[in-house]
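What follows is one structure encoded as structure tokens, with my remarks underneath.
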Amino acid sequence: MQERSDKLTTSLNKRELERKLDIEKKLEGKQQLIAEHEQLEYFTKSFNEKRIAVENALKSSSSVDVVDLPKHFDTIYKSILMLQKYGASSKIFLRMYDVERCHQTVHELTVRTRELEENLIPKKKFGFKNKKPNITDLNGRSEDVVDYAAPHQSYEESICGFENRKNETLIMQKSDVYKNDVVLQNIENCLIKLYGTPSTLHLNHVRNCLILSGPVSTSIFAEYCNDLKMAIACQQLRLHSSSDIHIYLHVTSRAIMEDCNNILIAPYNFKYDSLKEDFVTAGLDQNINNWTSVDDFNWLNLQKKSPNWSILQEHERISDWDNFTLPCGKFPD
Amino acid sequence: MGFLTVLRKMKQKEKEMRILMLGLDNAGKTTILKRFNGERIDTISPTLGFNIKTLEHRDYKLNMWDVGGQKSLRSYWRNYFECTDGLIWVVDSADKRRLDDCRAELFTLLKEERLAGATLLVFANKQDLPGAFSATELQEILELAKIKTHHWKIIWCSAVTGENLLSGIDWLIDDIAARIFTLD
Ligand SMILES: Nc1nc2c(ncn2[C@@H]2O[C@H](COP(=O)(O)OP(=O)(O)OP(=O)(O)O)[C@@H](O)[C@H]2O)c(=O)[nH]1
Ligand SMILES: [Mg+2]
């Protein structure tokens, strides 16, 4: 008798517990939903407030004293940067749609600010004396011995890009690369496509690959690369200790190389839907391309062209990247 | 009166400072200089030799020397050491792979007798990049605490956004001024 009633109580208790747990679970779910909703609402609200602040600052630009304009625009750029960082830090609970909207807003504001800045600020600032930059004559180089300190490896590296890859197709989309420092490191036999506008791009130990990239806002820095074909656009290209590379290049200032050989250059020919727009976003002029002027730091002879690079003959240029395969064979899909 | 005294007196009258900007290639030296001077920064090429700019800031005349940082140019750096009041060492805070190289070059430089007494400002540049190390992290990685021979400070900045450039330069000027223009 005692035993039965015990059993009954136990099962009753159990049911009661389950019921409670179930309610809690539902409640939790509901609260979670509410929290998510509130978070999103809060985000949208404060994002908009920040956006409006930037817009107001832009509107007030015409009444700012010319002398104070650089500072004024600096503040605006800073606010836009904060806006971008705010969006990036909230990515976890934002929907794809919101993320896109944030990018769009940041992009539009940046372009508007840049246009306004160019219109309002005269080329030369008041109060400063400018001397024309001088270029030195560099002859008679000598060797320098550098005392290299012990390497430091205790800092964890988390990169935006790819590392230690082989025989793969690697693709990054607009939102992955936007304003980021993208790194490609220790990569072999890969097809790499970067759509959109990284802030900067680093290539290190990349071999036998095809790299196609959208416009990079600042510089591309490549070191220890061999047997590449790449179509890249940037403000500066800096190529070091590399060889056997075909570069389809758009560069708005200048390309340089150091300790390189067998570099062949052609004009940029990577095409995708939003390329034109991306040039604007990156702040690169699509009409200025200095792809034919490469400075070789190992060849400071102005009379004769460096033997380390040349222009890729037209009939040797590849025009269709979609059907291109690397010598090593096919790429996995 | 020795040469140095004459030089110091001359500088004192003109309130002139000679500032040398060095650092690895691609660190952003030229961009910092142009940004500070209110010029466009989107047409800058890697520096083949050097740039000089004379700027007036606060009451001072700053002779800024910006020398190219490519490996093949570093052996020429020493041609610019003489009479340097302030050294600006520019670091690409996001170029994690070359920080060892960066530290080694900096410490080689600091051993230079002709730079003894110069104030050192380390600019932790490119802070707008998400992957950038902070100034505090860089201070540790570059082992700046080991520097006992120079007044130094590390300051974060972004030449692209222009953020914090002014506070860096202002610190440098104040430190130099306290040293040269108060002597007699
Ligand atoms: N994202 C970002 N890029 C920067 C910043 N400062 C400079 N850059 C970019 O970095 C690249 C190199 O800048 P430069 O000013 O030419 O570098 P440098 O130190 O003068 O290089 P050398 O003349 O070769 O010694 C350029 O493409 C700049 O636009 C910054 O604060 N943030
Ligand atoms: Mg330069």
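Glycine too: its Cβ is placed from the backbone N, Cα and C atoms.
In sequence order, B:MET21, B:LEU22, B:GLY23, B:THR47, B:ASP66, B:VAL67, B:GLY69, B:ILE88, B:VAL90 are the residues of the chain that are 6 or more apart from B:LYS29 (GTP binding site) and have a CB within less than 8 Å of its CB. Marked as GTP binding site by TrEMBL: B:GLY23, B:LEU24, B:ASP25, B:ASN26, B:ALA27, B:GLY28, B:LYS29, B:THR30, B:GLY69, B:ASN125, B:LYS126, B:GLN127, B:ASP128.
Marked as Mg(2+) binding site by TrEMBL: B:THR30, B:THR47. Non-local neighbourhood of B:THR30 (Mg(2+) binding site): B:ILE44, B:THR47, B:ASN51, B:ASP66, each in the same chain, at least six residues away, with C-beta under 8 Å from its C-beta.
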- Message: Quick test of understanding: given the binding-site residues B:GLY23, B:LYS29, B:ASP128, name the ones whose C-beta is under 8 angstroms from chain A.
- Response: B:ASP128
- Query: Among B:GLY23, B:LEU24, B:ASP25, B:ASN26, B:ALA27, B:GLY28, B:LYS29, B:THR30, B:GLY69, B:ASN125, B:LYS126, B:GLN127, B:ASP128, recorded GTP binders, what is the largest CA to CA distance in Å?
  - Reply: 22
- Note on the structure: The answer for which binding-site residues (B:GLY23, B:ASP25, B:ALA27, B:GLY69, B:ASP128) have a CB under 6 A from ligand 2 is none
- Note on the structure: Close in space but at least six residues away in sequence, with Cβ under 8 Å from that of B:LYS126 (GTP binding site), the same-chain residues are B:GLY28, B:ASP92, B:SER93, B:ALA94, B:ALA132, B:SER158, B:ALA159, B:VAL160
- DSSP three-state assignment for B:THR30 (Mg(2+) binding site): helix
- Note on the structure: Cβ proximity for B:ALA27 (GTP binding site), under 8 A, sequence spacing 6+, ordered by residue number, returns B:GLY69, B:VAL90, B:VAL91, B:ASP92, B:ASP95, B:ASN125
- Cβ packing number for B:ASP25 (GTP binding site), 10 Å threshold: 23
